[in-house]
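Features of the protein shown, as given by TrEMBL:
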- 5-135: domain '1-deoxy-D-xylulose 5-phosphate reductoisomerase N-terminal' (DOMAIN)
- Thr11, Gly12, Ser13, Ile14, Gly42, Asn127, Glu129, Gly208: NADPH binding site (BINDING)
- Lys128, Ser154, Glu155, Ser179, His202, Ser215, Asn220, Lys221, Glu224: 1-deoxy-D-xylulose 5-phosphate binding site (BINDING)
- 149-232: domain '1-deoxy-D-xylulose 5-phosphate reductoisomerase C-terminal' (DOMAIN)
- Asp153, Glu155, Glu224: Mn(2+) binding site (BINDING)
- 264-384: domain 'DXP reductoisomerase C-terminal' (DOMAIN)
Amino acid sequence: MARIVTILGATGSIGKSTVDLMERDLAREGGPAFKVRAVTAGTKVDELADVARRVKAESAVIRDKSRYGRLKEALDGTGIRVSAGDDAVCEAAAEPADRVLSAIVGAAGVAPTAAAIRAGNDIALANKECLICAGSSFMALAREKGVRILPVDSEHNAIFQLLVDVDPASVDRLVLTASGGPFRAKSADELAQVTVDEALHHPTWSMGPKITVDSATLMNKGLELIEARHLFGFPPEQLGVLIHPQSKVHAFVVFRDGSWHGELGAPDMRRPIDYCLNWPDRAERATSHLDLAEVGTLSFEKPDSERFPALRIAREAMVAGCGAPTVLNAANEIAVAAFLERRIGFMAIPQLVERVLEEADKAGLLHEPATVEAALVLDGQARDLAAGRLLAA
Ligand code: NAD
Ligand code: MG
């Protein structure tokens, strides 16, 4: 029986990598192992129609309702069902599937992913913002529904693999690696001057614009610490970061006896996606190869949270817990969008996030959101604070 997969965010970077895997699967000797139930996208209607045809999806959903007619026209005669709007995205996520690949960017992915969990669908989670925005209630919902959260994010996927059959008491700490981004070697003065184009040029990974900027500020690694906290249950003091510019080792599990175990692979998201889609089995073939002799040297260094304050701010939010990560995530999304629109400079991103966290604290907003919906309300309040700050600046 083919496994049924739904792809939320099918036109994005992770979505396209998944589409590539599904196309390869369609050409598999002996018939496909997967069947694509639904594909969804935000606004890119022509790309969505193209993807839906290529993976032979049963349905295609565009979030932007004004593009419904165009999607319908583009898929006319294919037999692929079409729908539009936020509710339609959530309905597609809730259709029965063996895996829902959650690859919408930002907190916009929370409601559809929660809808998939409520329907009992196992999740291949790329959208880390789900766990930053609504971590505790999101994981509680998954536990309540008996749903598995399989991590796509490469570092967490590595740790997930490394922790198979491991007694948590034998683990000293988890170490996430970070490429260091395009500005690893820049001074504080130089960082203040970097441009959007420079920030969008990642040295080792090809990703969507938001996460590429997060990687340049190191906010991404801070978000990933919080993500690891929720996925694996280790306390903040057992979670660390190492800069590793070659991006070949994705994470380490360090055992109490001093043994370091790492997971290595080419920086290609198709591998962790494939792992999550095939779990508990493994894919039959590799999509990319790692030649360590050719790489030659793997190097590691400590992160510098003075030049990259986002890492410190995110770690503090992780330690504070409750509503702090929700506010951190919302403020960061607003700040990154403003940077991409060239309204603020690069170093204003962590500054804005820190100010909004202070304001939210003063306003008494940083209590634990009891449900996913409560987290989304706090997310909205934090966005308002951030937007107000931007106007005042
Ligand atoms: P992207 O910007 O390339 O794609 C985002 C997708 O979400 C698109 O299909 C877009 O149409 C859709 N979308 C955007 N807003 C939406 C909305 N409001 N409603 C419904 N759909 C919407 O992003 P990406 O780089 O593919 O990242 C997706 C997620 O995966 C992010 O959470 C990111 O942190 C995570 N992630 C990405 C990578 C990577 O290599 N790109 C690696 C690890 C984790
Ligand atoms: Mg990652």
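Each residue, glycine too, has its Cβ placed from N, Cα and C.
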Of Gly42, Asp153, Glu155, Gly208, binding-site residues neighbouring ligand 1, Cβ under 6 A: Gly42, Asp153, Gly208
Contacting binding-site residues for ligand 2, chosen from Ile14, Gly42, Lys128, Asp153, Glu155, His202 when the Cβ sits under 6 angstroms of any of its atoms: Asp153, Glu155
For Asp153 (Mn(2+) binding site), the one of Thr11, Ser13, Asn127, Glu129, His202 that lies nearest, given that the binding-site residues are compared by Cα: Asn127
Candidate binding-site residues Thr11, Ser13, Gly42, Glu129, pick with smallest Cα gap to Glu224 (1-deoxy-D-xylulose 5-phosphate binding site): Glu129
Per-residue pLDDT averaged over the domain '1-deoxy-D-xylulose 5-phosphate reductoisomerase C-terminal' (149-232), given as an integer: 97
Tertiary neighbours of Lys128 (1-deoxy-D-xylulose 5-phosphate binding site) (same chain, Cβ under 8 Å, six or more apart): Asp153, Leu223, Glu224, Glu227
Candidate with the highest Cβ count within 10 Å, taken from the binding-site residues Gly12, Gly42: Gly12
Whole-number Å value for how far Asn127 (NADPH binding site) lies from Asn220 (1-deoxy-D-xylulose 5-phosphate binding site) (Cα to Cα): 12
Gly12 (NADPH binding site) - helix vs strand vs coil (DSSP): coil
C-alpha spacing of His202 (1-deoxy-D-xylulose 5-phosphate binding site) relative to Ile14 (NADPH binding site), in angstrom: 16
His202 (1-deoxy-D-xylulose 5-phosphate binding site) versus Gly208 (NADPH binding site) - Cα distance in angstrom: 10
Close in space, distant in sequence - Ser13 (NADPH binding site), Cβ under 8 Å, 6 or more apart: Ser206, Met207, Gly208, Ile211, Met269
For Glu155 (1-deoxy-D-xylulose 5-phosphate binding site), nearby residues of its own chain (Cβ under 8 Å, 6 or more apart in sequence): Leu176, Thr177, Glu224, Ala228, His250, Ala251
Pairwise Cα distance for Gly12 (NADPH binding site)/His202 (1-deoxy-D-xylulose 5-phosphate binding site) [Å, integer]: 16
